[in-house]
């Protein structure tokens, strides 16, 4: 929680700025709409967080999301009864892709950047090969409900987001999360304490795959079938995680902060939109903000006393 | 050429060196000996510009000097050869030798000149086993050391500092080292030679300086001391330091080895018993750490017997109830960015141990001060860090606990606390093995001391042996 | 042990990649022959070179960045930008070629400088730093350009279209860039230091190398290579195009080619020769697919698998040696 | 890739070239190209695109009312005001080897078209060989592909250029060797024997805008959704719409880029609904995200205002199901049949139009039932003209019904 404070502060400022222009944002409905929109990226960022904190990358999530949506559309083909089996299948596929990423990374010792880049190519090729170049079939109303519908005024995606967020936070507090952190921080120390480093990392990749599957369900539900639904999501997710103060290289940062990073990114988009920054220059602003935020090491609280690192470590 | 006066240095308020005087003359091989923790490494780092001294003066050729950066020292003609080499494995010998100062002709690196110069230096050192174009990754450790020495020579170093140069070398490779040092001396280069191995000191050095507890004890021409005297000077400190009383009784055998070995160890016979602290002594490179890692399962034995069973992995070791407090806390022990609690609970979490609430009590029991669980471990002192590692293993209530240099880099107070704890654990019935290069510690703590040499057990000594006795076994060459 | 031949300087993965290249050519020959075609015709040989020239030039630059332990994700957008700048300044006039080339080189050097400084001074991970710069350039592109713009004079199109016998000028340009980079890496201090910084930054620093400066310089060179690729593409296309860089996927594909050529992603190990092999490998693969009219989705799958397998093979070889 | 439905008439393209020379000789990189439409706070339509050419606009709108010549019910063989050109010099005996350099198959529109073209090839026994290379959306690769195809002994070369200006040199190079047929997007040379295209982007944009002007009450708030800036062919659609809107009494409250991303589209529409309370019409430069825009209104619990879409099945289905007030201008995929037909005509020495303007119908409420095919996949384009081709509907991903 403490580590998530700075990014939460930034988020609150952005949200306030949005509310200033658009008072509707303060109403429950307005805020829920924002949360609903942000949910897919936040979930994807949570998944990416596990991989990054273990010291790896997952570049394959974007094409995995696309693949999942295309698969869902073709298999469901508008048939309501197919909804649940296909959702189960999507989740299995997500886990499986993560498993392959993880196994190749750990057992074959290929850098995860390359493994997941390869997976990106394989997935985007394979799924369109299978579907004949463009999505076919259709999603069922039941499937769409996850992205569109809600329980009373609360969108399903927000509820799913809450569940995923709670699960992610719980996981990071559980043994798995703690050992994952240590594996990302000091792989050797973890191994010498009996941590099955490979297994833990593979599991992290599987979580990322799972998050991509859930994201696909939400995005497919929200916006329908599209061949480019996952385009660029891998970079957005990594950016969000880093924006949350999670360090590339592993071992530092909290999952709450990573999710807050995703919210922040989404709030930033909304804000740029609201303030009428031209659609074109939006990217420029985004690029500058990302660099500045990371450069400022957004994580460290300025008022929190911490001895300079070098001092403490030099003596040990 | 080098003259140091009144050098002192503290880290975080702990005094590491005080009032050191040291003179090195050209063409001299000057040995520096002392126990671990005597301050040798810090002194070397000051000479080489890694640390700046808090007090005292350094003069080179009579001119006062201060080094802000290792490069300053290098420019003054001082080169250091660390135990871990500073070489790029992917590059060639010549490229490594001239790294950062490649000769240039018409704007291009003059590879011919570079290789010829390297070749020449290799020839001068009588080294014909590899050429300047060889990739460093293909060289043996001894050959890499040669590269480091050539590198030192190529900067026209007039003083070469060698930190335990023989530690990583096999017997026949040490011969090569001797020859190299001989050549250096012929060229008028001064060598500051840090070693534990007294035979080397007597074989090589012109003078020897003994450090103890951060101060200089004495400097003698080598002809004026015997090895026994030297050992006494090094270790001959007042054993008034407090150690907890020895074990009340030794219980059942917890672990036994019969003819166990692997790539580094041969024919190890050893029993660890409940309630007993077994000390393991040996020079660096004698296989001490390897023994601990083999028992633990991290670098498993490949031959011989171990009862109850021979672990093939860390997890099997842990399942047998074996724990290992590693030598290098930063590289192998701690996740520095994680909290005290997360580090302490690591083993419990890794193997699915259940008792998590006990960690608070454990941290109090190891006397972590203050016992804050949410502190990042990287900000703790060495002693507190070690206590965290210890607490980590205590969460699983091990049957056998192996300590590799448990008090290295730990201040005096924490040291005593760790010693007390070790004895406490033994009295609770744990079998404990302790590796240490600090002889007083080993003697003060152990119920039995096993001395390793070249991967074998050179001998076993009962409780309370003299330091000389250990040293004789560890460095048998001296007396044999 | 003694007397290592100069050939040993060809690091092992380089040999692997060129062997794989030969194998692939043989395989392609057989496959295309079975399909009833001819594989190494004049046109396909020219095609291979034309197809690989732009990617090759970018990949050479990327090699430098990766060797120094960094990487550059901004090249694709930079290529688009430089193609536009070149074509707009040339505006169809022969006399404007020199200023256009100068402007492109200056602009790309500036982008490289920014990349390098953000990484070294602001201590932002190269991945994020160059991704951020990529976004910045993307915004500028979107803001300034509606589509292809500018016009490249006929004389400049020589670069993209002419050839000497079976060798297109663009391939010569690529070869030139590669040779310069190879020369830089093997014969200049900068090259030696790039390897040192990528191999072990601490060792490099202790040897008196200003590591930050080296990283900045490699990024400048990497971006300049991207700028040269932008010039080449402008001459091929006759105009600048705001999507030419991203459509070509030059960012991730150049990294893939470098890694395929045996350069370690962590830096300090590898070289330009391997990258050339890697790019050619991808181009030959493309040509085989083209000849067999395999659809692009299969290509993606095969490419992905090839890259991962190649790196797994390198990793295995490294392991085998150290054990 | 959003650059999907390309259309630039040859003269438009030539004018474009003229346009670039008109530019000040940019001395530095920041030489501003005409800036794209700025999205101010409901500040209207912004500045006109530099791609806008009034004459082309007028010409395209004029074609709207002209009757195409050619066989009924086969719009892909019809042409509007054709200027025939002689092809006797290309006459040769069969069988024929046709070659095709395709810009890409990376979006549903091109997928549908590509399948249609392959099926068309299958109809003609005299085509014994058909070699197609996919440039994967890369200009550079397409240039190499065109060069490579010339060496394959093709009797005719069909090119669907990835971009207009940039493929011109390659096409010029090919013209001397084989008869070249260009379709979809044009090139800046008249060397191809024929250039096949539907009427064009101005008509597309104007059809949609006219509809909104008619259906939305005066002063109504219109949101314009575009795919992305920097795509020449989409600029024509918008610039035509802008021309129409500027003359109308509608208030364009925003011009936004969606990147062709349905989720982003939905979010943007949602933002506008929140900001303005009510949006009275939505104009779109292509149909890929039309359903998402409609859903945004539905999800907000609001009636869907008049919208414009395209002939994609999911939109047509939505239109019917939700009883929308809508129009679907088209950029028909049946144009992928025409190049094959043209190639055979040319090789047989029959004359073909120099610029082959295909009819470009719009789907209206009346014609909707004709085009709606519930058995087809959601991203299928209704105007594929493929219903009579062998393998329909399975090869297009549809189900026999």
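Using the three backbone atoms N, Cα and C, a Cβ is placed for every residue, glycine included.
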Which range of C:255-285, C:286-316 is transmembrane segment, per TrEMBL: C:255-285
Listed stretch, out of C:16-34, C:54-77, C:97-119, C:214-235, that has the most CB pairs under 8 angstroms to the transmembrane segment (C:255-285): C:54-77
Annotated stretches the transmembrane segment (C:165-185) and the transmembrane segment (C:214-235) touching (3 or more Cβ pairs under 8 Å): yes
Range from C:16-34, C:54-77, C:97-119, C:214-235 with the greatest count of C-beta pairs under 8 A to the transmembrane segment (C:126-145): C:54-77
Top partner of the transmembrane segment (C:214-235) among C:16-34, C:54-77, C:97-119 - counted as Cβ pairs under 8 Å: C:54-77
Close approaches to the transmembrane segment (C:54-77) from elsewhere in its chain (Cβ under 8 angstroms; 6 or more beyond its ends): 111, 115, 119, 126-127, 130-131, 133-134, 137-138, 141, 170, 173-174, 177-178, 181, 184-185, 194-195, 197-198, 201, 214-215, 218-219, 221-226, 228-229, 232-233, 236, 245-246, 248-255, 257-259, 261, 263-272, 275-276, 278-280, 282-283
